[in-house]
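Worksheet for the structure shown next.
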Amino acid sequence: MVQLHGKFKAFVNSRWLVFVCAMWIQSFAGIGYLFGSISPVIKSTMGYSQREVAILGVAKDWGDAVGFVAGSLSEILPTWGILVIGAVLNFVGYGMLWLIVSQRLPALPLWVLCICIFVGTNGETFFNTAALISCVQNFPKSRGPIVGILKGYAGLSGAILTQIYAMINSPNESSMLFMIAVGPSMVAIALMFIVRPVGGHKQVRPSDNSSFLFTYSICLVLAAYMLGVLLLEDLVNISQPLITLFAVILIILILLPIVIPVILVFFSDPTHSMQESLLVESQGEEAGKSEEDKTEVIFSEVESEVEDDKSLEVNSLSVSERQKRIAQLQAKLLHAAADGAVRVKRRKGPRRGENFTLMQALVKADFWLIVFSLFLAAGSGLTIIDNLGQITQSLGYNDSSIYVSMISIWNFLGRVGGGYFSEIIIRDYAYPRPVAMAVVQVIMAFGLFYYAMGFPGQIYVTTVLVGLGYGAHWAILPAAASELFGLKSFGALYNFLTMANPAGSLIFSEVIASGIYDHYAKEQATLRHQISGSMLIKPLRDEDSLTCVGTICYSITCGILSGLCIVACVLSLIVVYRTRRVYTQLYGSST
């Protein structure tokens, strides 16, 4: 009985249990990806125009991006408090929206619905913050895979919730809003005391490789299964019992990773669980370290300071002379510090690789280089995603849902694969993680350029490459930010970075893509008036529908976005050059 109690305690404190539960929360947290499914019922019920629906979409995008409140509160509140706030915001925002759309409340102005959808979607930022902070702190040596998998599940959550709703088969279309209001909130409340930094056992263990391999396998199976189900539902009329079976299999695949902590705790070496418990208990002892431990910290700081302050004169020496010179400097500084004769002079504020606050990061060039790189590349990717319906229609495809679903699947695979790819770069070669960001930006640039040139199969190539590249950003960037600016204010830093995404889309989509589309739509409408009517040009009226047909509608836009991705790649390479020493110190010499 005592042994069973010990194993259960080790299971509750397992960082893999935390990770799996965070995956479950993220599986229901991507509420914003369902806007395309709920906007038709809002439009028809409320009698809105397409412009008014677009305004709701903007409110949704900013609710999904403005996460600095969640990031700031994560530094003073426990993780369960962050999850509770997110659950309340999700329930209140989408709950009010459901009451209005289902006509249980009288019709209210558009700005009220904008506030509701902003508040409801903003709850997603609290779910993301709690899940990412907890797991990155529990797996500091595996940040790439952790962030990639969690963000991947968030990107796939729209398809997951859609399948679950299809299983319910409610005749009332507004009931999806009720499911969105209740479902994610219930999952977050149920798991709020499990998802947390467990502390202590954060080292890399031999079992981690097989555990991550199993998780990646599930991700690939899940992506392939979802793509197959979406294709089948689009091409064949499937009965309701079969849809229910598909949803049940989907739920089983989502729950399957729980076998990892179960096997590690209950079926592995008995000493493993004991080591985990001892390491957790030792966390409290770390706060009362002896003076000898503090001296060791001082020594490491002195060594780091000497390394950072090496002069050009020292660097010009031979290898043996340089090492001798540095050793002499270290000996002199440590001897003086031990005798109390001098105080080691520290730079103002932290160095890269240490813990930054958001305000400290905002004055660093590296941070803004990352922000502008994300602004250009991820903003370009989101522009394609937001306009994919119009892009497919301009190419003559009647049903755009299959391509929307496809880019969601590739987005998921990009997030999972981006984390794995960036981890290989730093583990095997000790290159800075932003190298991976530069690579995926080149991939995005090629996909956009392929569309701009009008090559065969352009919609398929662009969908795959843009989906992969856009998704990979959200695995690579948070991990890189945590390595360069620390974990203490990771929530605030991450949520500030996410605001670059809708800001880029707002400019590129509303100004560039829409402007070019409307220009060619007006030209084509004028030409149609000339051909169908007399030779006189009839003036276009405001109520005339402007629809652009052909590759030209978005080819210039894709060409511009391709160039912006190349500029983003250059910015990423500048970050690589500036941060290579930090990554060398963290992961060893580059080969």
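All residue numbers here begin at 1 and follow the chain in the order shown.
For all residues, glycine too, the Cβ spot is worked out from N, Cα and C.
For 15-262, the entry in TrEMBL reads domain 'Nodulin-like'.
The domain 'NFD4 C-terminal' feature in TrEMBL is assigned to 361-583.
Taken from TrEMBL, the feature transmembrane segment covers 16-36 (among others).
With a cut-off of 8 Å between Cβ atoms, the residues of this chain six or more beyond the transmembrane segment (80-101) that come close are 25, 31, 41-42, 45-46, 63, 70, 73-74, 107-108, 112-113, 116-127, 129-130, 174, 177-178, 180-182, 184-186, 188-189, 191-193, 195-196. The transmembrane segment feature in TrEMBL is assigned to 80-101 (among others).
Here TrEMBL flags 107-127 (among others) as transmembrane segment.
Here TrEMBL flags 148-168 (among others) as transmembrane segment.
Among the features that TrEMBL reports, transmembrane segment is placed at 174-199 (among others).
The transmembrane segment annotation in TrEMBL covers 211-231 (among others).
Summarising the annotation, TrEMBL assigns transmembrane segment to 243-267 (among others). Taking Cβ pairs closer than 8 Å, the transmembrane segment (243-267) reaches residues 7, 10-11, 14, 16-17, 20, 23-24, 27, 160, 163-164, 166-167, 169, 207, 211, 214-215, 218, 221-222, 225-226, 229, 233, 273 in its own chain, all 6 or more past its ends.
What TrEMBL records for 361-382 (among others) is transmembrane segment. Same-chain residues lying 6 or more positions outside the transmembrane segment (361-382) and placing a CB less than 8 Å from one of its CB atoms are 352, 434, 437, 440-441, 444, 448, 466, 469-470, 473-474, 477, 480-481, 484-485, 489, 493, 496-497, 500-505, 507-509, 561, 564-565, 567-569, 571-572, 574-575, 578-579.
Feature annotation from TrEMBL assigns transmembrane segment to 402-422 (among others).
Within its own chain, the transmembrane segment (434-453) is flanked in space by residues 370, 373, 377, 380-381, 384, 414, 418, 421-422, 425, 459, 461-462, 464-466, 468-470, 472-473, 476-477, 480, 551, 554-556, 558-559, 561-563, 565-566, 568-569, 572-573, 575-576, 579, which lie at least six positions past its ends and keep a Cβ under 8 Å from the stretch. If you look up TrEMBL, you'll see 434-453 (among others) marked as transmembrane segment.
Residues or ranges marked as transmembrane segment in TrEMBL: 493-517 (among others).
Sequence annotations record features per position, and here TrEMBL assigns transmembrane segment to 549-577 (among others).
Highest Cβ pair count under 8 Å relative to the transmembrane segment (16-36), across stretches 107-127, 148-168, 493-517, 549-577: 148-168. Under 8 Å from some Cβ of the transmembrane segment (549-577) lie the Cβ atoms of residues 366, 369-370, 372-377, 379-380, 383-384, 387, 390-391, 394-396, 431-432, 434-435, 437-438, 441-442, 444-446, 448-449, 451-454, 458, 462, 469, 508, 512-513, 516-517, 520-521, 524, all in the same chain and six or more residues away from its ends. Counting only same-chain residues 6+ beyond the ends of the transmembrane segment (174-199), those with a CB under 8 A from a CB of the stretch are 12-15, 17-18, 21-22, 24-25, 27-29, 31, 34, 37-38, 41, 45, 78-80, 83-84, 86-88, 90-91, 93-95, 97-98, 101-102, 120, 123-124, 127, 130-131, 133-134, 137-138, 161, 164-165, 168, 280, 283.
Model confidence over the domain 'Nodulin-like' (15-262) is summarised by a mean pLDDT of 86. Long-range Cβ contacts of the transmembrane segment (211-231) within its own chain (Cβ-Cβ under 8 Å, at least 6 residues beyond either end) map to 16, 142, 145, 149, 152, 156, 159-160, 163, 246, 249-250, 253-254, 256-257, 259-260, 264, 402, 405-406, 409, 412-413, 416, 420. Beyond its flanks by at least six residues, the transmembrane segment (148-168) meets 22-23, 26-34, 37, 124, 128, 131-132, 135, 175-176, 179-180, 183, 215-216, 219, 222-223, 226, 229-230, 233, 243-244, 246-248, 250-251, 254, 405, 408-409, 411-413, 415-420, 422, 471-472, 474-476, 478-479 of its own chain at Cβ-Cβ distances under 8 Å.
Long-range Cβ contacts of the transmembrane segment (402-422) within its own chain (Cβ-Cβ under 8 Å, at least 6 residues beyond either end) map to 33, 36, 144-149, 151-153, 155-156, 158-159, 216, 219-220, 223, 226-227, 230-231, 234, 384-385, 388-389, 392, 433, 435-437, 439-440, 459, 463-464, 466-476, 479-480.
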